[in-house]
Amino acid sequence: MILGSINPAVLMAALMVAATPILLAAIGELVVEKAGVLNLGVEGMMIMGACVGFIVAVNTGSPIMGFIGAALGGIALSLLFALLTQALMTNQVASGLALTLFGLGLTALLGQGYVGITPPRTPKLDLGPLSDIPFLGRALFTHDIVVYLTIALVGAVWWFLKYSRAGMILRAVGENHDAAHALGYHVKRVRVFAIMFGGACAGLGGAYLSLIRVPQWTEGMTVGAGWIALALVVFASWRPWRAMAGAYLFGGVVVLQLNLQAAGVRIPVEYLSMSPYLITILVLVIISSGKGRSLNAPGSLNKPFHASS
Amino acid sequence: MRMPLLRLEGLTKAYPGVVANDDVSFEIGTGQIHALLGENGAGKSTLVKMIYGLVKPDKGEMILRGQPFAPGQPSDARRNGVAMVFQHFSLFDAMDVAENVALGMENPPPLRDLARRIRDVSEDYGLPLDPSRLVGELSAGERQRVEIVRCLLQDPKLLIMDEPTSVLTPQEVDILFRTLRKLSSEGTSILYISHKLEEIRALCDEATILRGGHKIATCDPREKSARELAELMVGQVLHPPERPARPMGDVVLSVEKLSLKSNNPFGTSLKDISFTLRAGEVLGIAGVAGNGQDELLLMLSGELRAPSAQVKLKGLPVGHLGPNARRKRGLVSAPEERLGHAAAPDMSLTSNALLSASERKGLASRGFIDWSATESFAQQIIERFDVRTPGTHVLARALSGGNLQKFVIGREIELDPDVIVVNQPTWGVDAAAAATIRQALLDLAGKGAGVLVISQDLDELLEVADSFAALNEGRLSKVRPAKGLTVEEIGLMMGGAHDMHVAHEASA
């Protein structure tokens, strides 16, 4: 049996690494959408983070500085989106798509001198005896710190949305912006902060690709990870822990596809690469068939807000 | 005279092209229930938005308990003891009752304590509420309780209520009034906005009447008749519509034992609906919003399909047909939502006329539109129904609510239908336009059409309807002759006070 050549512990470990960048981007986009904004520019912000993070890390020699730079790069691009959609009232879908194209083009320019360079190595976190546990140690405890921080971030976002007052206001703004405005909440301010958070997370996700997972810079290296992250938010029905489960599922599919290829299984890999999108299309069909509310979609998602009074 | 709680002096607010409030001054006494009376567009909303800090006045000042009061935002107003129950737009469907309450408070306690306080306060005032339920699942009356309890928890000195009874059954209105009187006796002032005169005469100590942004009078509503108040509010003498006696003809529309699932997840499905409508008859259907009115209209207009034999037009099955096919056969309809459902907001009146009339008026042939015929048809509607607009080229969204309503109802009436179905024909329409619309519907019935009016305004139904039924949770009551029905009987047909009367008797 060919599948026998795949080591499940290694597969699990690879899966966590593959899932981390899309999970980062997805958790950011989840907060943005919870505030009622649909930012389709995740791919653009990710590639921006990948590029800026790479440049900063190479020039400073510090991966940490690289990640900070990536977050700032993502924020910069997301602020452009915020300016367009919140101040100039442009269409969110069109602006998001433009943001993706702009990000891909801009990074191709910025990253020109950096192709083929190796970035400074990000050390694995030393978890001591934990990583010596048979199977689990290899699968769960041999990673860099970003993997664990990402999981912590999912927990933090879950807590923020469910228990904090600021999170409640953010959900209120996304659920019914007219009501939130009537109660005196600053709809646009909340949305701009959410968009910035989304940009930072997408940037970090991009940097994880260019600094740890791949690790090098090539033009267009995110190859659709941002779109998978967007799909993931819908698939997770806007719930943080489900987004994590979904990311590991989609990450698993990606890793499995590579392993199956290596193991010489003769199914066209395209079927597996398609699967995240197929699942998402299914979810979208269910949502638009009128059962969306039961799937927890924010009530004011993708509706422009204009204070009439 | 009790000590004034809030004094308004010369408040003025202008928007581009319109002065919403011009030099408005009056006082609200401590513990007083003060009515703010006026038609749509008289400036009531702008005035309360200034008190609640949502809008800044251009001129004038407010004095609250002897101190100058200029709230920059609603939280300032709330800190000063001003609370507001909105007519709509202030609840979050996908969040639970406790979260909705917390969002309207300045410093809410932790949610667990809040849930307990919501239970306590809501029971004290006879407004039972379960803090853990999702607001999207509540009835209109219960949703209003959420808003009221949200205000009560902040111990307000002034409670502003914007058209609070438009969504309640008569029994629920009684309970609300008892709650408000109790609050007033405890020293809370209430600013009560409405255009329902009998309510104001029953409840309020003093009334300020606005018309066209100006204060017309401040008076004791109990010393005036409803008619006098109406004439102050409208500024002209109103004539009740004429109803010539007319013979009833054959059955033109019948619906038999029809159950239909709503197309909206928070909607109400229709359950076992049966009725008949004769030529020349006006059938009024009452009910609190959200009890299946929208679904009933969609089912009759053809937007929701039904099994073909269960809806019959002039004896022929039409349940399976879509809106255009039904129009062609003589069944027309005008839904509640004017902008976006009855009319396309960004299209001209001419185009909007074409959309529903092309079939019956032959405005298009072989795929080509006859624009000149369409335009003269639109012009004809404008003239016959006194739609105030510069011309047929104007976009639908540029018309005021009353004018657009006259246009969309007139458009259907001009099609010379056998059956017309209208939902909330005069909602948000000024009194003069409402009278025109009601008269037009009666005239149409006089010419032998069957007219079905769905409305939440009982006075309107009693004015126009020959027979009467009520929707409650998707079920239609028996159809009864309108003559001799009392408001109490109608209230019971509408489902009474749902679960409220029990709790109130317990607390009374």
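The backbone N, Cα and C atoms fix where each Cβ goes, and this holds for glycine too.
Record features (TrEMBL):
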TRANSMEM  A:6-25  transmembrane segment
TRANSMEM  A:37-58  transmembrane segment
TRANSMEM  A:64-84  transmembrane segment
TRANSMEM  A:96-115  transmembrane segment
TRANSMEM  A:135-161  transmembrane segment
TRANSMEM  A:192-214  transmembrane segment
TRANSMEM  A:220-238  transmembrane segment
TRANSMEM  A:245-265  transmembrane segment
TRANSMEM  A:271-290  transmembrane segment
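Counting residues 6+ beyond its ends, the transmembrane segment (A:220-238) has Cβ neighbours under 8 Å at 21-23, 25-26, 29-30, 33-34, 40-47, 50, 100, 104, 108, 202, 205-206, 209-210, 214, 245-247, 250, 276-277, 279-280, 283-284, 287, 295-298 in the same chain. Away from its own ends, the transmembrane segment (A:64-84) comes close to residues 39, 41, 44-46, 48-58, 90, 95-96, 99, 102-103, 119-120, 146, 191-192, 195-196, 198-204, 206-207, 211 of its chain (Cβ-Cβ under 8 Å, at least six residues beyond either end).
For the transmembrane segment (A:6-25), the residues of the chain that approach it from at least six positions outside its boundaries are 42, 45-46, 135-136, 138-140, 142-143, 146-147, 150, 153-154, 201-202, 204-206, 208-209, 212-213, 225-226, 228-229, 232, 243-244, 247-248, 250-252, 254-256, 259, 263, judged by C-beta separation under 8 angstroms. In this chain, the transmembrane segment (A:37-58) lies in contact with the transmembrane segment (A:192-214); the count of Cβ pairs under 8 Å, excluding pairs fewer than 6 apart in sequence, is at least 3.
Remote same-chain partners of the transmembrane segment (A:245-265), defined as residues 6 or more beyond its termini with a Cβ less than 8 Å from a stretch Cβ, comprise 2-3, 5-6, 11, 14-20, 22-23, 26, 228, 232, 235-236, 272-273, 275-276.
For the transmembrane segment (A:135-161), the list of distant contacts is 8-10, 12-13, 16-17, 20, 23-24, 27, 30-31, 34, 67, 122-125, 127, 167, 170-171, 201, 204, 208, 212, 240-241, 243-244: same-chain residues at least six beyond its ends, Cβ to Cβ under 8 Å.
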